[in-house]
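*Asks:* The structure under discussion is supplied below as structure tokens; questions concerning it will follow.
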Amino acid sequence: MVDTLAGSSQDIDAEIAALSPRRRLWLLVIASVDVLLVIASMVALNAALPDIAVQTSATQSQLTWIVDGYTLALACLLLPAGALGDRYGRRGALLVGLAVFCLASIAPILLDSPMQIILARAAAGIGAAFIMPATLSLLTAAFPKSERNKAVGIWAGVAGSGAVFGFLGTGALLHYFSWQSIFYAFAAAALLMFALTCTIGSSRDDTATPIDWLGAGLIGTGIAVFVLGVVEAPERGWTDVLVLVCLSAGVALAAAFALVQLRREHPLLDVRLFTRPDFATGAAGITFLFIANFGFFFVEMQFMQLVMGYSALQTAFALSPLAFPVLVLGGTMHLYLPKVGLRFAVCGGLLLLAAGLFSMRFLDADATFIDVMWPLLLAASGIGLATAPTTSAIMNAAPDEKQGVASAVNDATREIGAAVGIAVAGSILAAAYQSSLRPMLQGFPEQVRHSATDSLASALSIAERLGPRGNALADQAQTAFLHAADQALLALSVLLVVGAVFVAVWSPGRDGRQWSVVLRLRSGRD
């Protein structure tokens, strides 16, 4: 029997047990805004990359790493940072993270070298790695069982909609100011949140067991090289030697980490948690959600800007309604989850998201905002329905003293899923676009054909300089892009259905139990 639905068997953290309801609400606000800052920073620079390229002469590879350097540093340090917060104090870890994030956000304002900006973004990712797990573990340690799922649901709703707020904020800043304004905003926000975070209580693991540095090194390195392979795959190809070595090394290091943890008296992460149906469902569900979510954003933002003709600000406003279903369903998770169960919530959410992405395949170049909005809201409802329950399942499966590590698992699956989603969608989009457009360009010069097949943005830029022939090139490039987007969205939809099948089979239901046939198979194996 699992305790995901009604709240875990954990007790409220003694160090902050005396918090009044008002102080716990204040803690929830601070934790939610802190994690919003981290998630918004993941996506904020995407719209600014053209301006950064012009002013810094950054190559396409360098532009990619200006975005992905943050994600890579964040993903590989989450588990060690979560463990440090558990041992030495979660508020302290949060403050350290905010300070590093603030200083790293100031650096790009003063620098003009692409490599220096990449390093500054990686430093911001290090700070973010201390922020994310601390925010969630502070909540689960502070709130009593009767209120914990509600708090986690609100946190998850804010985290799930963070990308939308990031797009909206970036679009507004770029409409009026230069790309450096994004870093001014992040630095100011981090400084403000540092001051406000000083007003909340803290918690930590009173048993103070030694930190498993070998395990931290193995899993940190494993995640780093795996994400490196995923990030490089769209440009180099999935069969490239470096990509294959990175992916294989990442899996091998993760396996070594699991073996080491099984032999440790005080493991960094008790990997046997993954045999629990609720924990495994949460980790798998979040991974599938973020693969699809960020893969979809990668495709949809280009569709809105390059096919529908929206500006960055218009795109951000068009995507902003996505936040409402995610926030509402996250905030009410404590009401519907006990009634429908983890299996229905996560499986249903994945299928709703799949239906939304599949429906977007039927959009064409003449699509209006209304045409786009209903599948977007369908997809957002799926994200909102599943995001909070998956997070709750992970946190409620872990003991109080390991809440920081459990939060890090929750966050790491998000980051890995996001990186994989962008890489998969990007690879399919690029390959299908090139194979579809190349036969259409036989009558154009070789230089035009070569540049136009790089991306839809390149094709449209060339078309503007070709006069009457440019209209034909633009139409052909948009047709090829729509075909490529169709293939990418189909792949993401199929992947979500696969995830939903896994959840339907493995996840506990409303009574906290798996299907009887699965229980019999597990009993026979044991």
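Even glycines carry a Cβ here, placed using N, Cα and C.
Pulled these features from TrEMBL for this protein:
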| type | residues | note |
| --- | --- | --- |
| DOMAIN | 27-511 | domain 'Major facilitator superfamily (MFS) profile' |
| TRANSMEM | 25-45 | transmembrane segment |
| TRANSMEM | 65-85 | transmembrane segment |
| TRANSMEM | 92-111 | transmembrane segment |
| TRANSMEM | 151-176 | transmembrane segment |
| TRANSMEM | 182-201 | transmembrane segment |
| TRANSMEM | 213-231 | transmembrane segment |
| TRANSMEM | 237-259 | transmembrane segment |
| TRANSMEM | 279-299 | transmembrane segment |
| TRANSMEM | 342-360 | transmembrane segment |
| TRANSMEM | 372-395 | transmembrane segment |
| TRANSMEM | 416-433 | transmembrane segment |
| TRANSMEM | 488-506 | transmembrane segment |
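Give me the local environment of each listed feature.
*Replies:* A mean pLDDT of 87 is what the model gives for the domain 'Major facilitator superfamily (MFS) profile' (27-511).
Residues 24, 28, 31-33, 35-36, 38-48, 51, 135-136, 139-140, 143, 182, 185, 293-294, 297, 301, 311-317, 319-320, 322-323, 326-334, 383-384, 387-388, 390-392, 395, 414 of the same chain lie 6 or more positions beyond the ends of the transmembrane segment (151-176) yet place their CB under 8 Å from a CB of it.
Counting only same-chain residues 6+ beyond the ends of the transmembrane segment (237-259), those with a CB under 8 A from a CB of the stretch are 215, 218-219, 221-230, 271, 427.
When Cβ-Cβ distances below 8 Å are used as the criterion, the transmembrane segment (488-506) is approached by residues 277, 280-281, 284-285, 287-288, 291-292, 295-296, 299, 343, 346-347, 350-351, 353-355, 357-358, 360-361, 421, 424-425, 428-429, 432, 514-515, 518 of the same chain, each at least six residues removed from its ends.
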*Asks:* For the transmembrane segment (416-433), find every same-chain residue at least 6 residues outside the stretch whose CB is under 8 Å from a CB in it, and list them.
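*Replies:* Residues 42, 68, 71-72, 75, 223, 226-227, 230-231, 233-234, 238, 286-296, 298-299, 302, 453, 455-456, 480-481, 483-485, 487-488, 491-492, 495 contact the transmembrane segment (416-433) from elsewhere in the chain.
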*Asks:* Let me spell it out: take the transmembrane segment (65-85), skip the flanking residues so only those 6+ beyond its ends count, and list any with a Cβ under 8 Å from a Cβ in it.
*Replies:* 38, 41-42, 45-46, 49, 52, 58, 92-94, 97, 114, 117-119, 121-126, 128-130, 132-134, 137, 204, 211-212, 216, 219-221, 223-224, 227-228, 231, 268-269, 404-409, 411-412, 415-416, 418-419
*Asks:* Does the transmembrane segment (182-201) come near the transmembrane segment (372-395), with 3+ Cβ pairs under 8 Å (pairs 6 or more apart)?
*Replies:* no
*Asks:* Should anything in the same chain at least six residues away from the transmembrane segment (342-360) have a Cβ under 8 Å from its Cβ atoms, list it; otherwise answer none.
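*Replies:* For the transmembrane segment (342-360), the nonlocal Cβ contacts are 2, 4-5, 278, 281, 285, 288-289, 292-293, 296, 300, 333, 336, 372, 374-387, 389-390, 393, 485, 489-490, 492-494, 496-497, 499-500, 503-504, 507-510.
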